[in-house]
Structure formats: C-alpha cells, structure tokens
Amino acid sequence: MKQYLDLASYVLANGKKRKNRTDTDTLSVFGYQMKFDLTNSFPLLTTKKVNWKAIVHELLWFIKGDTNIKYLVDNGVNIWNEWPYENFKKSPSFQNETLQEFILKVKTDNEFAKQFADLGPVYGKQWRNFNGVDQLKKVIQEIKENPNSRRLIVSSWNPSELEKMALAPCHSLFQFYVEEDKLSLQLYQRSGDIFLGVPFNIASYALLVYLVAHETKLKPGYFIHTLGDAHIYENHIEQIKLQLTRTTLDPPQVVLKSDKSIFAYSFDDIELVGYNYHPFIYGRVAV
C-alpha cells in the first residue's frame, strides 16, 4: 500500500510537534487524502501484520449497533479494552484489578460487563440509532432506491452525546457514491493515528464498501480516505521508520461467502485470501 507509506513519509518530513489530550506528543499535519481502488484487490497493509480478525469483528460490532466490548473480548479482540478499564478505575467498585483481571470479569460476569464494559453511545449506537434514526439501514435503502443521491451519508459525530462517549469518534462521517454499477465511499476522519489506527480504518471501511455493495447488488469501486489531524505519536516514530524500509507485497483479496443480509453477517462469512505480510510491529496505544 504505497498510499499509506507515502502518508507516513509525508508526516515524518512535514509534521509539526503538537501536544494533545494524551501524555504523548505527536508529529501532525492537517489535511491529507488517500484513494484506494477496490476493484481487484483489498487494501490491507503488508509492511506489518495487521489483525484481520479484529478488523472484521469490530466492523460487525459497529453494524450490529453494539457498544459493549463484551462481544469483542469474547471473540479475542482487545483493541478497545483500555477505555472502559480507565472508566472502571474511577468507580467505587474498583479494587485495584489489573487490566487483565478486568477483562476476565467482562468475559465471565454478564452483570459486570453490562455495568462497566460499555463505551457509551459510540460508533455502533450512532450508525443504528442517531437520535432515533437508523442511519445505516436508511442509507442502504437510499442507495437501492435513489443511487444518484448526494445525501448518502452516515455520521458518528453526535454533539448531543459526545460527553457520554468513552472516546469521541475519530472516523466521524462517511458518504457513499454510486457510479454505474460501482459503489464508492469517502471517509472523513478528524483524527488519525497513523501507526495503529489508520491501517485498521482503511481496511474496515474498505470492507464496509464490500458488504454494502453486496447488499445493494453493486460492485466495490473506490475508498477515499480524508484525514483531518493526521499524526504519528512520538513513541511510534521508530516503528514507522522500520515499516518504510520494508517492501510492499501484493495485496490480498476478500471473498464474501454468504448472500445473507449485511445485518446478519458473521466472521466466518468473510474470507481473506492471499494475505502475505512482513512481521508484526508492536506499538503502545495512547489513551
């Protein structure tokens, strides 16, 4: 994925040091766009191994309208664990449990999970119930009935509920576009963590194009990724530099193995074929 490596190189060369809500400064630029052709390949990063299982389960979690991490941790996906844990640490029920002990309680105690493992009205809630509107279902119906519409938009940015969210939406708004028999999507992402988050976001929204295209009897077209604050955390700079020394490998393919509704898809209905990658590179998330 040359587009991603070009982004990383650009931010290393042009980014300005900025403070933020976390304790780790960033190199940041404002305004950057990438475009991925989804016609014959899938944009999953090859210069390090990316957790495909986490990408798929997180997207299905969004689509279901879920906001509780129990579904994720039950399926071995731990990308959201830190946020509810930080909230739990502020509660009177906290007894110095470690993060690992917290997650074990989420897995084994349904009442505990209901009380402490919810992230608030984050992505899934907004996609499926934005002040009473099922945006995802509505936009899919609109694609079918009025494909030339310029209002094929889903927003995760709900100002009336931001304070209730564990994390304000980073990927905040997306728009579909139909041209002949192809479906494209443009994402506006207000904040992009280039090392950890952006590779996930690229793959997640590309997969969303595949799923919605399948649902609407269209073919995948393009994924356009527009970033607002595109940044590299200072503790990820060496990892990014390592990636830039690696050769991009041929991209994989994605095969959808079911004709069921997008709202009924499971992990086993989605197959990743031919994913070759360089070794995993660890980086710590900034909470």
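Cβ coordinates are placed from backbone N, Cα and C, and glycine is handled just like the others.
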Task: Candidate from Asp181, Asp193 that Swiss-Prot assigns to the same (6R)-5,10-methylene-5,6,7,8-tetrahydrofolate site as Asn51, Ala286 - done: Asp193
Task: Further binder of dUMP named by Swiss-Prot next to Arg150, Arg151, Arg190, Ser191, Gly192, Asp193, Asn201, His231, Ile232, Tyr233, taken from the candidates Arg21, Arg128 - done: Arg21
Open item on the list: Roughly how many Å lie between the Cα atoms of Arg151 (dUMP binding site) and Cys170 (active site, nucleophile), rounded to a whole value?
Closed with: 21
TODO: Return the maximum Cα to Cα distance in Å (whole number) over the record's dUMP-binding residues: Arg21, Arg150, Arg151, Arg190, Ser191, Gly192, Asp193, Asn201, His231, Ile232, Tyr233.
DONE: 36
Task: Tyr233 (dUMP binding site) to Cys170 (active site, nucleophile) - Cα separation in whole Å - done: 15
- [ ] Determine the most Cβ-crowded residue among the binding-site residues Arg21, Arg151, His231, using a 10 Å radius around each Cβ and all protein chains in the structure.
- [x] His231
